[in-house]
């Protein structure tokens, strides 16, 4: 004997296993499971997104009959902090979690140029690789003095350079440049960091030296390669010319050699190389050969 029992669905239960699948700069993909297995009808969910930085709320409605539901929250801000709540439309028990979106990336090619009484920080515009960044937002610059163990905020700028003065001789500094923080410093970009030391000699071990070494190598290596190629070609040309002259002389000597006399016979030199190859070779006369006159 057996009995079939069908449980009555409880719509007061919260969604299960709410979690983030993937987060980006302006979106987040979340996923959850229905309050009970195999729903037999469409279920209406309410997804509430609370911006913890701006203190604003947005509610989205999602309808699905699947046991597993995936939803993409759009129009978020880079580096933002959000509180996500998912529950059935009848305001049943809720499931919640917190999401931090990916911040803006750090500026590229941060470099230092040393002047007489100050230094200049240079970097590439962040708008070249970040479509969500506007130059009007600007950048903020921080400095860390390792000798004094102090971090200082130097200021912000909408340009791609910044002047730093009043540096102390013998101190080592670390500079960071990042997209300007918004809403009380809660939404910032990733910082680009550069070490500047040996101030007394005006050298930058992290930026200037590698750049100069790279520039010198870029000039010296091609020049050395061209010199080696030129020398190799010169040796080949001289070797081929030597072989050609040797072969020409050997062929010329063999063509004028008399096996009867055991020596080579040459003309005056006016007509060397002008004889026809098919003409018979004329040799000189010897005194011990009798001359017959018809």
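Every residue, even glycine, has its Cβ placed from backbone N, Cα and C.
Annotations in TrEMBL come from automatic prediction, not curation.
The stretch that TrEMBL tags with transmembrane segment, taken from the ranges 216-239, 240-263, 264-287, is 216-239. Mean pLDDT across the domain 'Fibronectin type-III' (14-109) comes to 93 in this model. The DSSP breakdown of the domain 'Fibronectin type-III' (14-109), given as helix, strand and coil counts, is 0 helix, 52 strand, 44 coil.
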